[in-house]
Amino acid sequence: DVPAWLKSLRLHKYAALFSQMTYEEMMALTECQLEAQNVTKGARHKIVISIQKLKERQNLLKSLERDILEGGNLRVPLQELHQMILTPIKAYSSQNSSTEEHSRDADSHHPSSLIGSDSQGSDCKDSAAGGMQQHHLPGCEGESGGAPLPEGDLPGQFTRVMGK
């Protein structure tokens, strides 16, 4: 949601400019390109810095995951995740992940799929909270384990951190 992100930066007057760009074009913007579009100097600088922060989200998520696993305070990671969810996030797609996601969608109750864990969690809403935690958390740990996610899979990394 680029317009909401721009509004959070108080740059919503440039929403029309961004509406004509692809995600990749937006992520590759330079101050020179913005200057050519008559974006003010202060706004250009703010946009370029904000885009640089968008590029660093994958590393931030990895750091947040480490902090959570080390038993740190959850307040900061939750604040970071809240801020991140307000930024533009491109859906991750590759040949392998598309095939895997389609098989997950087709078999949504499979225990190793994230969708399956979510639906099991919602089925357990009426049960005691302790029972749901015992059933749900081991599934999350087993799924994300130490398996690295492909570079650029921001939604997957975000979901993984939320699972922790």
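Placement of Cβ uses the backbone N, Cα and C atoms for every residue, glycine included.
Any TrEMBL annotation is an automated prediction that lacks curation.
From a predicted model like this one, the values you see are computed outputs, not experimental measurements.
Feature annotations, reproduced from TrEMBL:
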- 1-57: domain 'SAM' (DOMAIN)
- 92-164: region 'Disordered' (REGION)
- 99-110: compositional bias 'Basic and acidic residues' (COMPBIAS)
Grouping DSSP H, G, I as helix and E, B as strand, the residues of the domain 'SAM' (1-57) number 42 helix, 0 strand, 15 coil
Mean of the pLDDT scores, which run from 0 to 100, over the domain 'SAM' (1-57): 93
